[in-house]
Structures are given as C-alpha cells and as structure tokens.
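These notes are about the structure you will find just below.
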Amino acid sequence: MSLKSYMQLVRIHNVIGAALGAIMGFLVSSQWYLELKGILLSALVVGLIAAGGYVINDVYDVEIDKINKPYRPIPSGKISVNKAKALSIALFIIGIALSILLNIYALVIALVTAIGLIYYAKDLKKTGFYGNLLVATTTALSIFYGGLAFFSDNWLLRIIIPTLYAFFLTLIREIVKGIEDYNGDSLNNVKTLATTLGINKSWRIAKILLVLLLIISPLPFFIGFNLIYLILLILVFIPFTILSIIQKETIEGASKARTYLKISAISGIIAFLLGSLPFFKG
C-alpha cells in the first residue's frame, strides 16, 4: 500500500483533467475574472467527486478487473475493497460539503452527480449505452459546474459549446473503452455497445462520432474563441483524434485509441481555456 497505489486508484490524471474542466468553465463563464475562491472551490468539488466516482467504480468492478486489469490497486491486493469504499465515501462527502460554499445550484448538482456516479458503478454500467450516457453527462458537467460557480449573465451561452464537446468526446471514449474491455465484460454479462452490437459495429459508431466531432471542431474559432484555440486544434486535437480513427477495429486498437482520446480531451480543455482569453482574436 503506497501513495502511488492511491493515486492510481483515484486515476489522478483524470481527476486533474476534471478539475481543469471546472477551472475552464469558471474562467470562460467569468471571461477570465480571477476570483480565487470560486476557481479553487469549483475545481476541488469536481476533483473530489470525480475521484470518489473512480474509486467506487473500481470497487464494483473488482471481479471484472481481475480479468481485464489485474494490475489495478484493488484486484492486485494493494488496496482492500473496504478501504476503497471508505475512501470513496469520504471523497463524496468532502466534495458535497465544499459545494455548499458556492451556491445552492452547485450543491444540488454536486449531490445529484455523486448519486449518479454511485448508481452508475453499481447498476447502470451494466445496462450498456445508458451507462455511457451518464458518464458522458457527469464528465461534461465538470465544465458546466465551473460556469455555474460564477453564475453571471450569459454564463450558459459562453460554456455550452465546451460542455457539449466534453459530452461527445467522453461518450466516444466510453464506447471505445467498452471495446477494450470486451473479454471481461462478456464473461461477467456486462452490457456495453461492444457486447450488445459487437466490436465492429461499436467501432463504426465511435468512428462516425469522431468524424462528426472533427468536422465541427473549428466552429468555436468562428464564434469568438481566439487564435490559440485554432493552433492547439490543428497541432494536437485533430492529429490525435485522427490517430484514434485510423486504429484497427480490434480490442488492441481500442486500447491505443483510448490513450489518444485522453490526449485529445486534455488538449481540448487547454484549447478552450486559452482560447477564451480576450486577445489573439482571429
């Protein structure tokens, strides 16, 4: 048992990405008004609840992970199931408690999201596409949550595009993850697009959504985001998204594609964040 094991359990890289999403939502909504309390609180709440969600997901996935990912902290025996449960509960409680310091809307969304993540890990994940939709929704809410923490006039208009991008990119990533986990999911009767429709059809759906995302990706530049957005789009987001699309329609290809999609997601967060700066306009 080590700090490294706990960092792996909470998926610290994904948690940082979620927190950055909240910061981006706040800054875009506030038009880069640097209000430290709102920025830190929104990032902390989102990060803590996301971490709690990842931990509780691993708790319920322990049998599947013994097949798909035996190196993970719980199936490898580095962290016990009981300790993981306690950690998840603590993360959720602290995150919800901190949300009270923002506003009532932030509290409601934090509470609903935490309940949704528990429901997803326990039951909804096994229903397939509906589970994918919930994961995509909660991920996109990290950006929305940051904007809600500022809650100014026209905040919704400013963050709706990055929120939608996060939703669709996460949905695609969940479909690809289902392909990657096909063997373990099949043995444990977990319903995903891959186990329901097959690997090839699931790949096609993911690739169609990725192509559509690529087609509309320049849109934010033409409606107000600055030149930095376009540069990051061309240099990082588009290349790694294309790398995801051209992967072989296999389980191994899905594993590579999911890595590329993580890079696309992080680059997208940075692009929207820097692209909302009030200079370098095209």
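Every residue gets a Cβ built from N, Cα and C, even glycine.
Record features, source Swiss-Prot:
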type: TRANSMEM; residues: 15-35; note: transmembrane segment
type: TRANSMEM; residues: 36-56; note: transmembrane segment
type: TRANSMEM; residues: 81-100; note: transmembrane segment
type: TRANSMEM; residues: 104-121; note: transmembrane segment
type: TRANSMEM; residues: 131-151; note: transmembrane segment
type: TRANSMEM; residues: 159-179; note: transmembrane segment
type: TRANSMEM; residues: 201-221; note: transmembrane segment
type: TRANSMEM; residues: 222-242; note: transmembrane segment
type: TRANSMEM; residues: 260-280; note: transmembrane segment
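Contact between the transmembrane segment (131-151) and the transmembrane segment (260-280) is not supported: fewer than 3 Cβ pairs lie under 8 Å, counting only residues 6 or more apart in sequence. Only pairs six or more apart in sequence are counted, and the transmembrane segment (159-179) with the transmembrane segment (36-56) gives fewer than three Cβ pairs under 8 Å, not enough to call it a contact.
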